[in-house]
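A short worksheet on the structure shown next.
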Amino acid sequence: MNSSGVANPPPPPKPAKFQLSNNPTSPVNASSVDAVTSSIANNPFMRRDSGDASATNATVPPPKLGNNPFIQNQSQSQFQKPAFQQPPQQLPSRPAPVAKPFSFPAASSNHHVPEPTPIGRSAFTSDPELSSTSQALASKFPYFSPSEVSTFARMFQDLDTDNHGWIHQSDIGSVSTKAGEAASNVNEKLVRMRLIAQGDGVTLEAFLAAVSDLRREKGMSASANKNKIVLHGSTSENTTHTINEDEKQSFVEHINQVLGVDKDIRHRFPIDLLTMQIFGEVKDGLILAKLINDSVPNTIDERVLNLGKKLNTFQMTENNNVVVNSAKAIGCSVVNIGAQDLIEGREHLALGLIWQIIKIGLQAKVDLKYHPELFRLLEDGETLEQFLKLPVEQILLRWFNYHLKKGGWARKVHNFSGDVKDGENYTVLLAQLAPHLCDRSALRTHDVYQRAEQVLGNADRMGCRKYLSPKTLVEGNQKLNFAFVANLFNNWPGLEKLSDAEKAQLDDSLFNSEGTREARAFALWLNSLGVEPFVNNLFDDLQDGLVLLQAIDKVRPGLVDWKKVNKPAPIASKFKKVENTNYVITLGKELKFTLVAVQGSDITDGVKTLTLGLVWQLMREHVIQTLKSLSKTGREITEVDIINWANTTVQTRAQKNTSISQFKDSQLSTGVYLLDLLNGIKKGVVDYTMVTPGRMEEDALLNANCLANCLYKILTFVGTLMALDKSGVLGM
């Protein structure tokens, strides 16, 4: 007897070969195999293999490991070792029934990742860091990164001197310490989860399962939220991240719906909602690129994407460069997200980017340009300019309350969490939007979960049951409730059309968009520098001077004396804001910017022309400094130098006869010259079958789109093309 009162089992038997019998009294027969196979098939954590359960001459694999969600798909190729220890009352008096072996890894059967090597010494010997088995195990056990799995695999290799594919329980101490867990806790968990083989054998997968359960318990205790998965970074990073399981499932369901019929990637759908499969699928960039185009059509010219079922690392990097830069272009914050992060399947970064892309698509049409009738939501004394500055969340909440008020409902919503979680406000909203399909009967239901189901049933009749489940509605998940409301607005705005007189009143403000393109371009540039907070509105978000001072510090490190700056944001005092913007003007003059009659108060007041002029000069200084830093002599680079270099590159390296004489040259408007220049810098990056003469506006737009996406692929942009060249003018 051991300390737990469990009888010590006999020494481990050697794997035996046997024949299945049709005799119902036989200890092991086809019926018992079918029974166990059926039991495993009904386990949601296990997947069915196409193998034949009635095959004869099979090797006895270990018994099924109960309902442990961490041990999935245990195939006999992974476990040529003794059977597992069981409590006395469960020890069989006859040979254990044979469970049908299952394929590995635990991912959707249509997953395109190659089948990994069975676990053992050979699985990791060639290159543990890049091993497909490490990747598969990291997906199966999300509390570990692939690099952690590889580290533990090496340790198991070193300790497994007999090459059995498992180590002795007495050797678990050093591996447990590396995992940050006490050996006693790991051993206790191994016993409790019945992961110890008869004797004292511990496999790598059993160890990962035990530590995963320990980490899961700690994560649940820290977050007090069973919906969160705690992800541990590599052992060198010593960090943890969390992802929300409900959100992940909702986003994957959205991706399945909008991309499942795409001709280039439909063979990869549907993606399993319950596993971590999505993070393997987004590694090559194709799904994310398609998702961006679904949210903001024509953002990416899909002709430049590398397609195919198996892409190499270089091709995946090119695709993900397009994804990251395109995401930035549509307004996503991609600070600290790079192509390599997506290729490595960093779950918290990938899921965060997916949400931003989906959100931008949902809120794209919550705009007066698409719905002029939003004009009706203006409050007394509010100007249209003030309304246009509201974030989308506030506009949707105002729309929500507008319909509640019209429906005679006294309550108001101020957020997408606590104010909607009881379902009552949703009940009134849906009945107001579609009275022929929905009613308010759910208000008489006392159970909040039943009421939530009634709300979603009404939404289903409207064709809008998406993003929310009864559980996430009642829990008040802010992201998913926002998505649900935005989807409702996009399909059922329920606002009366404007009369001709009202349209005329609106036109002057609505269609006066002069400077919008420039402002958007400058905002994107500032965001690319990693300034905080994220710039959404160029004229509003620069008024306290902090973003501009951060940008100056990026362009000319050390120039800003931060002791002179009023911070942190937000700054309430206009006087302190003007002090900051006056300092911006002072630094601009030190940089020899043209700032005649420009004062800090002009920036604080959001004067558009003066703000645009200042930011343009700062961006130009950034480009010049980038080029100067790459010059061998460090001398100043002029516009004439850049034009001469560009023409030489086009004519000698791209072997094209196009040229320009100035930056206002009409040749630039067709896009052909810039494509020639890009192809001269990186031969073959431009597919000339996609290039048009550019004489018509539509053709020029196609060229511009092609150019932008080619630039994204090689991680550059027009202003720093020259920085990629290592000779010519840079050597002057």
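Cβ from N, Cα, C; glycine included.
The compositional bias 'Polar residues' annotation in TrEMBL covers 19-42.
Residues annotated as compositional bias 'Low complexity' in TrEMBL: 74-93.
For 245-362 (among others), the entry in TrEMBL reads domain 'Calponin-homology (CH)'. Using DSSP to sort the residues of the domain 'Calponin-homology (CH)' (245-362) gives these counts of helix, strand and coil: 77 helix, 0 strand, 41 coil.
Among the features that TrEMBL reports, domain 'Calponin-homology (CH)' is placed at 390-493 (among others). Over the domain 'Calponin-homology (CH)' (390-493), the average per-residue pLDDT in this prediction is 95.
What TrEMBL lists as domain 'Calponin-homology (CH)' is 516-623 (among others).
As annotated by TrEMBL, domain 'Calponin-homology (CH)' applies to 636-732 (among others).
Marked as region 'Disordered' by TrEMBL: 1-131.
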Count the residues of the domain 'Calponin-homology (CH)' (516-623) that DSSP assigns to helix (H, G, I), to strand (E, B) and to coil, and report the three numbers in that order.
-> 68 helix, 0 strand, 40 coil
